[in-house]
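Features of the protein shown, as given by TrEMBL:
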DOMAIN    5-198  domain 'Electron transfer flavoprotein alpha/beta-subunit N-terminal'
BINDING   Arg220, 245-246, 259-263, 276-283, Asn297  FAD binding site
Amino acid sequence: MANGICIFAENYNGKLEPASAELVSAARLIQETTKEQISAVVVAKDCDGIIEELKNIGVEKIYAVKTDHDILFQDDAASQVLADMIRKIDPSSVLIPATPAGRSIFSRVAMKLNCGLTADCTELLVGTKEDGAYYIKQNKPSYGENVFVTIVTRDGYYPQMMTVRPGVYTIPEKSEGNAEVVYMDDIQIPESRIEIAEILPQEDSTDSILSAEIVVVGGRGTLEDDNFELVKQFADKIGAAIGGTRPMVDTETIPFDHQIGQTGLTIRPKICISLGVSGAIQHTEGIKDTKLFVAVNTDENAAIFKVADYGMVADLREVLENYLKL
Ligand SMILES: Cc1cc2nc3c(=O)[nH]c(=O)nc-3n(C[C@H](O)[C@H](O)[C@H](O)COP(=O)(O)OP(=O)(O)OC[C@H]3O[C@@H](n4cnc5c(N)ncnc54)[C@H](O)[C@@H]3O)c2cc1C
């Protein structure tokens, strides 16, 4: 081994997925210690726009395979192409967004390369071995999201491959980049056995929370007396996305991919309004980069007030009913 840190540039319709762009920030943090080159692999019909986007967020070398149609929904073909590319590039690590496509394609790539794949990392750190070689500490929640574990790739099973949860890292600032582009024309595109019948846009997705300017977060305090109905009406009125704490997921009030916190999503909206949330560190870790944070809680000693910019010691039902009457 090894030829730098490589990012999987997931893309649709000629555009780079934001979750892949975020990986450049993760790679840069690794690069600060290892000094490795940051590269990206692109497989797409329209590569040009994607290559331009990658250049402008600091990717230093781009390996591309042009296809006659987009194949990223055809996991069998896509995984073969990407495995062949990675075998040739021989990177020390591969960073993949923990999106449905990233997880599905790269579990197959890992099998083809006979290496490991750590799923859904929320933090990547660099460690040093006794001989001075670097390795990536792949930190992630595990055992039903109840503990944090550090996974390290075993010697002999390189590259170190990991999927990284969207939203944990931010997309780097744009700057004019000057990356080297290598078209890997010798890579064969196999025939896929998957036929795409129809592609439908998702109505409500994790993306809607990650990109929302305003997020209303409901906690266990919203579970009584139909209070969550009021939360939904409130969010609707102000055009906010809805997230929640873990008890909201445990009670199936919201889906898991709307949980905010250490084992859920990290959000960075302009405004976050927190209702009936106590403020446990495992939750506030996921909202600490919010620009303006407002919290409502009946308990004046609630920890949430320590992180809030504005706090209201009040019953959320009263606050919401008054607002909705306006
Ligand atoms: C390893 C690990 C990982 C975890 N990961 C996460 C995570 O990612 N995300 C997460 O959220 N949690 C996570 N948790 C759980 C976390 O520790 C807390 O238990 C959880 O965040 C508490 O949720 P809550 O604030 O909704 O509930 P509670 O702590 O029960 O707080 C409810 C709050 O509502 C207030 N309240 C009640 N009624 C009203 C009312 N009418 N009006 C206003 N306020 C009211 C109460 O005063 C109270 O402060 C994790 C825990 C562990 C151990």
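Here, residue 1 is simply the first one shown, and the rest follow in order.
Using N, Cα and C of the backbone, Cβ positions are placed for all residues, glycine too.
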Check: In sequence order, which residues at least six apart in the same chain have a CB under 8 Å from the CB of Val277 (FAD binding site)?
Finding: Val217, Gly218, Gly219, Arg220, Gly221, Thr245, His283, Ala295, Asn297, Ala302, Ile304
Item checked: Cβ packing number for His283 (FAD binding site), 10 Å threshold -> 26
Next item on the list: Would you count the other C-beta atoms found within 10 angstroms of the C-beta of Ala280 (FAD binding site) for me?
Entry: 15
Checklist line | Largest tally of Cβ atoms lying within 10 Å of a Cβ, found at which of the binding-site residues Gln259, Gln262 | finding: Gln259
Next item on the list: Can you see whether DSSP assigns His283 (FAD binding site) to helix, strand or coil?
Entry: helix
